[in-house]
Structures are given as structure tokens and as C-alpha cells.
Amino acid sequence: MAEIKVDPVDDHTMVIPETEISAQKPHRTLRVASLDIFRGLTVALMILVDDAGGEWPMIGHAPWHGCNLADFVMPFFLFIVGMAIPLALKRIPSKGKAVKKVVFRTLKLLFWGLLLQGGFSHAPDKLTYGVDMQMIRFCGILQRIAFAYLVVALAEIFLKDAQSNDIAAGYCSVFRLYCWHWLLGACILILYLAMLYGIYVPDWQFAVHDKESAVYGRVFAVDCNVRGKLNPPCNAVGYIDREILGINHLYLKPAWRRAKACTDNSPYEGPFKNDAPSWCHAPFEPEGILSSISAVLSTIIGVHFGHVLVHLKGHSERLKQWIMMGFALLILGIVLHFTHAALVFSAIYILVDIWGLKYMFVPLKWIGMNAMLVYVMAAEGIFAGFINGWYYEDPHSTLVYWIEKHIFIGVWNSRRVGILLYVIFAEILFWAIIAGILHRFGIYWKL
């Protein structure tokens, strides 16, 4: 389902001018280093917030309202996917071959998503595997990426006009060339808002299926009977997922469990209050159906940045387009949490592709060039789970736990600081070095 390729060339090679003056010289075909680095940064952020967020809740997902560091990861991923689409498809002239490639890659993403986040893998803490099909989780990070990729890639294939690769560097030139993409985005936004505020949410009930919960098996009722609410128990996003996916197939431990209404330990996890609302015990799907529809917008914005790379050759022309769009989205505030990816990538492009400060970001570049490997092994804990399978007397007496306890937590005499440093050095930096070694031999894991 996935391929380990010995190949120095990835899907996003592009003509990058060395300087503005070099526009008069023959162009060299290079990888877009800033895109590799941005992808590596996003994978590193995922590892950081997943593994250190428990001790540092200010970087983990916001319980409901607000936006923490972890809440940038998914928009960043979707933006990167969108940006790579024009670069990958521009070399496939046949629509049939392009559709075949897109569908096959989507199926591979779905397979890995179900395997890693559907409940089959219990890594890294539990030395078991397998999932009850009555409780399998259908949605997840890779599933959302697969859906957004499929929609936007097909739009790129069928809505793209046969135009010259070089167009005028006017502020709206790229927008005009791909106006149908933006019309699709507008339709998706209208559909999302109409469903979010227009769907009626009735009262509902659920049984607790989390076997680790103190109230396992107990049935709770939630009073809603409303329309247009955005609070945790009565929003249309959760209602659609419960009706279509089934409440047994949702994520059992949503971030809202850390809300002030649920626990006195907020924003940390902790036992629920005696008078906690019933919905605190309920499952919720953060990568559900309706929110995945809106996620397509992040990917379309990424596609626009990819179009700019394809059609405009000078650094200044590209940055004018990107920064203008980033600030326009920020000012309008229509899709605020999609916007930051645009500005962050623009900053990385300036530092890396214009100022040439690539060596500062080499570890992130290595991760970005082997992102799937690092995501599976580190972010999903598969490698740590494998190492934990070799223990002495007790399952918690393993090399991973020993390093974490004695080299990091013990030395700093602080669990919070020790966990943070462990994630940075023993996970992110370690896998950056592994990815760098594989890059040295031209080995990449691609979907």
C-alpha cells in the first residue's frame, strides 16, 4: 500500500531562481526547499503537541473555544497537501492517468488512516493490536487529508483550463486563471455554514464505551432541542457524525474533557466533577464529516500557493501574491484559522529560498522529505511501541521508559521539563537524523 523508493526526486520539483538577477540565466530544476521544511515543521509540531501536550496543555488542543499550537497542525497539513497538488499533477498531461493516480493515493491514505487511528494499533503504550469492528473509528487525520486531497485534486484536473505556464504577475492574474477553484471553495463554505447553523439538533443519549472510564456502561441523556448552537453538546457537527457514522465509531477522548465545565484540573486532564454535565463523558469526532467539508478550504488555499509557484518565476512576484492573500484572509477573518499557514509558509520561503538560510532548517527539511515515515513511526508511536515490546520483567521496564525517566526527567528533576526535552531530542531530533541518513541514500517512503 505504501512504497519505499530509492529516488532523489519527489513530486514537488520546481524552477527556483537563485536570485532576482539570475532571471536572465538558465533556470535550474530544484526541489522547493521551503515546502520540505514547512512539511517537516508540521510533522515535528504534531509529535511535540501529541507527546508533550499532556504536561504542557497550553500547546495541546484547546478544550473547545480558543486556538492553541496543536490547532495549527491540521490546517498546516491540508495547506501543504494543496500546495503540492499543482506541482505533482503538472507533469501528467492525461486526465485519465491523473485521476487514476489521485484515486489510488486516496485509497492508500484511507488504508493507513484506518490502520493507525481506527483502533487497530494500540502503540506505543499497549502491547496489543486489533479492533472490535463495532467500535472502529472511521475518521482521523489521514482520512481527512484523503478526503480533502481527493476533492481538490479532482477539481485541479477537471476545472483547470489549458493555459500557458507563464502569466502576467498582476495581483489577480492567478485568481482569474483559476476562478472555478474559488467558486468551488465559496460553494463549500456556503454549504458548511448553512448546515452548521441550519440543522436542527434534537435531544440525544449515549452509553459510555470507554472501558477505562469509571462510569463504563452507564447511559447519559443530553438535552438540546436547538438549532444553530456551537457549544460542545448541541452543535450540528457532532449531530451529523452521530447519525451517519454512529456514536460507537467516534473518538472516545475528545479535548473537551479538559474543559472547566468537566474537571477542576482544567486545562489539564483529571477526574470529572461530581456535577459535570453529561456530555463530558460523550465521544466526539474532531475529524468528522462536516468539519472535513470545511477542511477542503485550507487545501484550496494551498493549491493557490502551488499555482503561484507554477506560474510565477520571480521571488518578489510570488511573495506579493502570497503575502497579499495571507493578510487579506487575516483582515477579513472569514477563515481565520486557515490563514496562518499562508503567512508562515511565506516567512519560510523568504528565509530559505530567497535568503538561502537552508542549513538552519536542515533537520526539518529531512523530516519533510520523509514525512510519512516520521509520522507513522514517531507521531503514531509505532517505533516506540515496537521497542516497548522488549521489556524486562515489567511492561514499563523498557528502553524507552528508562531513557525518559533517567536521562530526561531524572536529570532535570521535573516531569514537565523532562517530557518536553525527551520529545524534542529523543523523538523529533532522533527521527530527523534517521530521515537525514535515508535522504543521504536516496530512500523515501511515498504514498
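Each residue's number is its place along the chain shown, starting with 1.
Even glycines carry a Cβ here, placed using N, Cα and C.
According to TrEMBL:
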- 69-90: transmembrane segment (TRANSMEM)
- 102-121: transmembrane segment (TRANSMEM)
- 141-159: transmembrane segment (TRANSMEM)
- 180-200: transmembrane segment (TRANSMEM)
- 289-310: transmembrane segment (TRANSMEM)
- 373-392: transmembrane segment (TRANSMEM)
- 419-438: transmembrane segment (TRANSMEM)
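When Cβ-Cβ distances below 8 Å are used as the criterion, the transmembrane segment (69-90) is approached by residues 11-14, 32, 35, 38-39, 41-42, 45-46, 48-50, 53, 58-62, 98, 141, 144-145, 148-149, 152-153, 156-157, 287, 295, 298-307, 309-310, 337-338, 340-342, 344-345 of the same chain, each at least six residues removed from its ends. Between the transmembrane segment (141-159) and the transmembrane segment (419-438) there are fewer than 3 Cβ pairs closer than 8 Å, counting only pairs 6 or more residues apart in sequence, which means the two stretches are not in contact. When Cβ-Cβ distances below 8 Å are used as the criterion, the transmembrane segment (289-310) is approached by residues 14, 32, 74-75, 78-87, 90, 139, 143-144, 147-149, 151-152, 155-156, 165, 174-175, 177-178, 181-182, 184-185, 188-189, 191-192, 195-196, 236-237, 240-241, 244-245, 318, 321-322, 325, 329, 335, 338, 341-342, 345 of the same chain, each at least six residues removed from its ends.
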